[in-house]
Amino acid sequence: MNTVRVTFLLVFVLAVSLGQADKDENRMEVQEKTEQGKSYLDFAENLLLQKLEELEAKLLEEDSEESRNSRQKRCIGEGVPCDENDPRCCSGLVCLKPTLHGIWYKSYYCYKK
């Protein structure tokens, strides 16, 4: 009986020690793979970041060109007095002398075209 116990104990100790070695090996392999994966992910992340920055620069450039050309400065609305030499009427309005109901004011007003 003792020999069976000793044999069983010996096999158990060997299995545990070999299992620990395999566990350490597996842990090292997993660490190496994650480090390689991290370096690959860092590379992919940097590449994606560069592409996004390029796209953002292009979009901002287009927006700035659009806003520079199409932006309307402060304007005067319909029925508001304006200066005939420097009309600042909004788009779709023209600075004209009033016809009937504003003749006595002697100034120009913004009217629809």
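Glycine too: its Cβ is placed from the backbone N, Cα and C atoms.
Copied over from Swiss-Prot:
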- 1-21: signal peptide (SIGNAL)
- 61-83: region 'Disordered' (REGION)
- Cys75-Cys90: disulfide bond (DISULFID)
- Cys82-Cys95: disulfide bond (DISULFID)
- Cys89-Cys110: disulfide bond (DISULFID)
Ask   = Around Cys89 (disulfide bond), which residues of its chain at least 6 apart sit with Cβ under 8 Å of its Cβ?
value = Cys75, Ile76, Cys82, Cys95, Cys110
Query = Per DSSP, Cys75 (disulfide bond) is which: helix, strand or coil?
reply = coil
Message = Fewest other C-beta atoms within 10 angstroms of its own C-beta: which of the disulfide-bonded residues Cys82, Cys90, Cys95 fits that?
response = Cys90
Note = Most Cβ neighbours within 10 Å, among the disulfide-bonded residues Cys75, Cys110, goes to Cys110
